[in-house]
Amino acid sequence: MSKQTLVLLYGGRSAEREVSVLSAESVMRAVNYDKFLVKTYFITQMGQFIRTQQFSEKPSESERLMTNETIELTQKIKPSDIYEEGAVVFPVLHGPMGEDGSIQGFLEVLRMPYIGTNVMSSSIAMDKITTKRVLESIGIPQVAYTVYIDGQDLEACLVETLARLTFPIFVKPANMGSSVGISKAQTKVELRKAIQLALTYDSRVLIEQGVVAREIEVGLLGNDKVKSTLPGEVIKDVDFYDYQAKYVDNKITMAIPADVDQSIVTEMRSYAEVAFKALGGCGLSRCDFFLTQDGQVYLNELNTMPGFTQWSMYPLLWENMGLAYPDLIEELVTLAQEIFDQRESHLI
């Protein structure tokens, strides 16, 4: 039986490219090589596509994907050269130019099935401000927030924010993930600095009320029919869950499943599934919640391409549900082909 080609796109132009490499390396080791041939392409920070490695069997633990330090520029290709009839693409890309609809639109133009949400849901979910407004409109609880857009009156924004929110306040670039560019402010001076830092990553800034809460996450899988996992909890040894804590200092542990009341589990899974459908989701996502001491649930964000390393929450949540990492990848390929066929049928 011939193997299906799985194309891994990794790296990318965003500040989250290092996470992308870690996720892609985990995927390349977990794939069932009885069924798949894996071809990998690295996207540089400048947006160049580089043909890297090909795997017909499981690579050794010491094998690493090529990155900026090891790529051969002679292997630079036109982006459209990744096309292969019958192949499915796994864009293991995080952040802007990865999970914001850009690469999804490119793959749709190429007529290649791809894992993950479509152009619309990717672009909406990537923007924290737009996501909040959509979820508010369907009654899913959100923490209080204000918004600053580059070029607006910063002083007026500070006045509005301090009238509506109390310290601590969290400031986030609207279109970044993996906690990149996020700051916690305890004073007006810190708030101003936090907004200025966020503006180095994005022109749109979300300013949120800090809440004392547990961080609970739910995995989602499916197209028209979506399944959700039991929730898992992020347990922090730090003040807040930033990029350094997540990926450098290893100060994050997880409890799977999370120790929460059944009524809360039901509420979170329902909110997650409703949010996924409201944003037009397909394939996969991870819903991140805050759970306060008095039992209030807030949906913080919906991540359309969650971290995919072997120690990431999303694959571990599904493993807890009885779906092993290799089988999860296979299911995602099936869902990608299904949504591709559906999309193509509407264009005839």
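Residue 1 is the first one shown; counting continues down the chain.
Placement of Cβ uses the backbone N, Cα and C atoms for every residue, glycine included.
Remember, it's a predicted structure, so these values are computed and weren't measured experimentally.
What Swiss-Prot says about this one:
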DOMAIN    132-334  domain 'ATP-grasp'
BINDING   162-217  ATP binding site
BINDING   ASP288, GLU301  Mg(2+) 1 binding site
BINDING   GLU301, ASN303  Mg(2+) 2 binding site
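Ranked by CA distance from ASN303 (Mg(2+) 2 binding site), the binding-site residues LEU162, ILE169, MET176, SER183, VAL211 have MET176 at the top as the closest. Sequence-distant neighbours of GLU190 (ATP binding site) (same chain, six or more apart, CB under 8 Å from its CB) are SER183, LYS184, listed in sequence order. ILE169 (ATP binding site) and GLU301 (Mg(2+) 1 binding site) have their C-alpha atoms 17 Å apart, to the nearest angstrom. In this structure, SER183 is the one among the binding-site residues SER183, ASN303 with the smallest number of other Cβ atoms inside 10 Å of its Cβ.
Secondary structure from DSSP puts ASP288 (Mg(2+) 1 binding site) in a beta strand.
Restricting the average to the domain 'ATP-grasp' (132-334) gives a pLDDT of 93. Across the binding-site residues listed here (ILE169, MET176), the residue whose Cβ sits among the most other Cβ atoms within 10 Å is ILE169. A Cα-Cα distance of 23 Å separates LEU162 (ATP binding site) from GLU301 (Mg(2+) 1 binding site).
The number of other CB atoms found within 10 A of the CB of GLU301 (Mg(2+) 1 binding site), across every protein chain shown, is 20. Counted within 10 Å of its Cβ, the other Cβ atoms near LEU162 (ATP binding site) come to 14, all protein chains included. A separation of roughly 15 Å, to the nearest angstrom, links the Cα atoms of VAL211 (ATP binding site) and GLU301 (Mg(2+) 1 binding site). Under 8 Å, Cβ to Cβ, and six or more positions away along its own chain, ARG204 (ATP binding site) finds ASP127, ILE129, VAL147, TYR148, ILE149, ASP150, PRO173, ALA174, ASN175.
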